[in-house]
Structure formats: structure tokens, C-alpha cells
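Enquirer: What TrEMBL lists as active site, charge relay system is Thr44, His47. Under the heading Zn(2+) 1 binding site, TrEMBL lists Cys42, His67, Glu68. Feature annotation from TrEMBL assigns Zn(2+) 2 binding site to Cys97, Cys100, Cys103, Cys111. Here TrEMBL flags Leu179, Glu199, Arg204, Leu266, Gly267, Leu268, Ile291, Thr292 as NAD(+) binding site. According to TrEMBL, the domain 'Enoyl reductase (ER)' annotation covers 16-345.
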Amino acid sequence: MSEKMQAIMKTKPAYGAELVEVEVPKPGPGEVLIKVLATSICGTDLHIYEWNEWAQSRIKPPQIMGHEVAGEVVEVGPGVDTLQEGDYISVETHIVCGKCYACKHNRYHVCQNTKIFGVDMNGVFAEYAIVPAKNAWKNPKNMPPEYATLQEPLGNAVDTVLAGPIAGRSTLITGAGPLGLLGIAVAKASGAYPVIVSEPSEFRRELAKKVGADYVINPFEEDPVKAVMDITNGAGVEVFLEFSGAPKALEQGLKATTPGGRVSLLGLFPREVTVDFNNLIIFKALEVHGITGRHLWETWYTVSSLIQSGKLNLDPVITHKYRGFDRFEEAFELMRAGKTGKVVFFPHKG
Ligand SMILES: NC(=O)c1ccc[n+]([C@@H]2O[C@H](COP(=O)([O-])OP(=O)(O)OC[C@H]3O[C@@H](n4cnc5c(N)ncnc54)[C@H](O)[C@@H]3O)[C@@H](O)[C@H]2O)c1
Ligand SMILES: C[C@@H](O)[C@H](N)C(=O)O
Ligand SMILES: [Zn+2]
Ligand SMILES: [Zn+2]
């Protein structure tokens, strides 16, 4: 007998999504079925919802949205010997080939054939979801689902913040959206000081303070470079972490970084950016990192341990919690308006 479930589905190639009732799927070979305990909205989901150019080129409706998740394995498909019913898991979203040059060098995070869970296939904004077993990450039973679902984006933040030494280092974070807020939490837990955050939204500057930022700056009202120089007695910051994707923030951050400092870039810019390489990078001997995805699986170990240490201040980052999906449109519109940190759904109402 088949069972039905609710799911947020991208039904049409147009703005928005629909709450639909569909059959609970059966896991195929190499897959498991999970009961979704918590699932959170990523900026990528918002792009799919808005149906921007990238989404139009990549997404093939109808498709269930969502990729950040915590869930319990309720059925195991043929050939899966790494998971069993009752396991409590999250999911690495990058499905890598294991065969390309990058994979053969253990650089799975830059696999040349990466498929993305919840982007290139059905995802987790549903009461139940199919997960490829090889991408499951087992959680300790006592980790709250609202934290466990944040591990995937936390992995992006961890790889950005911990791409070089951070303890005791002055740090500038540009952008306090959901990713930047997670970055602040990781930087503070890792001993960065002072953590200076540049963010134009007042709501998000307040969140940044709650998460632990030592100084917040509105870059539209004061010059972040001057503010950083004042705070650091003219030295500039040791570490610049870019989480905004704003070209201006990149320029300001490079100017505010001390010569010989470290720059880690996660934010994705809307277009090609122009940078004065000679004066802002080469003559300053900056160490610059591009950050993408998560190291498999080192980053997951670090994220899990940081959460279990109790040192990550995640509660202020989670601004909205919804039981069920009934109000999903409200959640997406709030996020579009920049009036949220992380938004978490608990799909089962009981
Ligand atoms: N490289 C990767 O693997 C990866 C993974 C996930 C997300 N990202 C990117 O990381 C970035 C952050 O993600 P998010 O979900 O938090 O995005 P977001 O758009 O919600 O947050 C960006 C924040 O930057 C702020 N901002 C805008 N202009 C600014 C400026 N001049 N100076 C300082 N702050 C400014 C915005 O007000 C906003 O709060 C995005 O660009 C996203 O695409 C990259
Ligand atoms: C899928 C994308 O949104 C995801 N956060 C990543 O790390 O790639
Ligand atoms: Zn994502
Ligand atoms: Zn590969």
C-alpha cells in the first residue's frame, strides 16, 4: 500500500514553488529513505524559488527542493551495507565521481563531475526523502536536528574560517547573511579576536552582535577600511573572510588586510570583478584562497566536533522555525527580503 507525503516542489519553470502531496518514494540500489526531522533553506534554494538565470539553466521541474537536512533512516535500499534503519544522518550535497583527476588526488570538493543533491535530483523539503547512501553522514543521537541540518552550510563556513590560522588573529568578515553568521560563530569558537563584521543590513548587524561579533560596521554609512585601521591601530586585519559576494566588499577587505595576511573568499560575485592585483595582492604578499563546498570528509568531522563542543553559538543564527510546510511561502519571502538568518522546517507536525 502506498503512503502519501507533503513536499515543496518546483512544479513549473517560473517564480515560486508549490506544496504538493506525492507518494513516499522507495529507495533504489545504493539509496536509503529518511524521515526528514529538520531541513533548512539555503541561498541556492532561494535562487531556485526565484527562478534566476542559473536556476533556469540547471533545474528540471518538477523537482522536490532542498538539500540541508537531518533525518532518520527508515528504509534501506538494495546493496547498502553502511547504514541501517534508525541511523540519524545528514547529507553531503556534493555527489562526486571518485574517478576524475581531482578525486584521484583526494580533492573531492573540486570533483570535475560533481552532481548536487537537491539541485540535480529530488531533495529534502518533504516529509520523507531518498538519499544516496555514500553521501550520508552519521550524527550522534544527541545532536539536535536543528543543528544537524546546519552542518552542510557550516562546512562552507568552517572551510573559509579555518583555511589558515585564526586563533588570536584580528579578522574582518564581510557579509552577515546566513553563511557569514555561521562564519562569525566558527571564528569566535576558534578564538579569533577582534572579529569585525561589515554588513549593510541593520537586522543582520544585530544578529552578528548576538552571534559574537566584537565590532559591526555599516559599509554604506562608514568606511570599513578606516574603521578596521582604527580598531587595529593602523595595522589592518590578519584575516579577511569574504561572505557577501559584493565586489565593493572584496576591494574594501583587501585594503583592510595587513600585508602578509590571509584572505579566504566564499561569496560568489554576480559578475566578473576588477581587482588591483599589483597593489592589493602582489605587493602586499597576501595569501588568497578560493573556497568551495567542503573537504570530504575532514570538514564534516570538524563541523560535528565543533557543534558537540558546545562552543558554536548557533541559536541566534536560527531566526525562524516552522512546524510543517504550510507557511513555506512566508519563509521564502522573508528570506528574500533579508529578514532572516537560517530558516528551519520541521516537516512532521506530530
Ligand atoms: N563557494 C561556495 O561553495 C559557496 C557555498 C554557499 C554559498 N556561497 C556564497 O556565499 C555568499 C553568502 O551566502 P548567504 O546565503 O549568506 O548570502 P546572502 O546574500 O544572504 O548574504 C550576503 C550578505 O552580504 C551583505 N552585503 C551586501 N553588500 C555588502 C557589502 N558591500 N559589504 C558587506 N556586506 C554586504 C548582504 O546585506 C547580505 O546580508 C553568497 O554569495 C553565496 O552565493 C558560496
Ligand atoms: C549546493 C550549495 O548550495 C551548497 N551549499 C554547496 O556547498 O555547494
Ligand atoms: Zn546550499
Ligand atoms: Zn571526480
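Positions of Cβ are set from backbone N, Cα and C atoms, glycine also.
These numbers come from a predicted model, not from an experiment.
Looking at the shown structure, can you explain where the listed features end up?
Expert: Taking the Cβ of Thr44 (active site, charge relay system) as centre and 10 Å as the limit, one finds 20 other Cβ atoms among all the protein chains shown.
A C-beta separation below 8 Å, combined with a sequence spacing of at least six in one chain, links His47 (active site, charge relay system) to Trp54, Ala55.
According to DSSP, His67 (Zn(2+) 1 binding site) sits in a coil region rather than a helix or strand. When other Cβ atoms within 10 Å of the Cβ of His67 (Zn(2+) 1 binding site) are tallied across all protein chains shown, the result is 26.
All protein chains considered, the CB of Cys100 (Zn(2+) 2 binding site) has 16 other CB atoms within 10 Å.
Within 10 Å of the Cβ of Leu268 (NAD(+) binding site) there are 10 other Cβ atoms, across all protein chains.
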Enquirer: Based on a Cβ-to-ligand 2 distance below 6 Å, what subset of the recorded positions Thr44, His47, Glu199, Ile291 would you report?
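Expert: Checked recorded positions vs ligand 2; flagged Thr44.
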Enquirer: Let me make sure I understand the structure: which of the binding-site residues listed (Cys97, Cys103, Ile291) has the fewest other Cβ atoms within 10 A of its Cβ?
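Expert: Result for the binding-site residues Cys97, Cys103, Ile291: minimum number of other Cβ atoms within 10 Å at Cys97.
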Enquirer: Given the recorded positions Cys42, Thr44, Cys103, Arg204, Gly267, return the subset with CB under 6 A from an atom of ligand 3, ordered by sequence, or none if empty.
Expert: Cys42, Thr44
Enquirer: Out of Cys97, Cys100, Leu179, Thr292, which of these binding-site residues is nearest Glu68 (Zn(2+) 1 binding site) by C-alpha distance?
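Expert: When the Cα distances are compared, Leu179 comes out closest.
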Enquirer: What whole-number value in Å do you get for the largest C-alpha pair distance within Leu179, Glu199, Arg204, Leu266, Gly267, Leu268, Ile291, Thr292, the residues recorded as binding NAD(+)?
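Expert: Binding-site diameter by Cα atoms for NAD(+): 23 Å.
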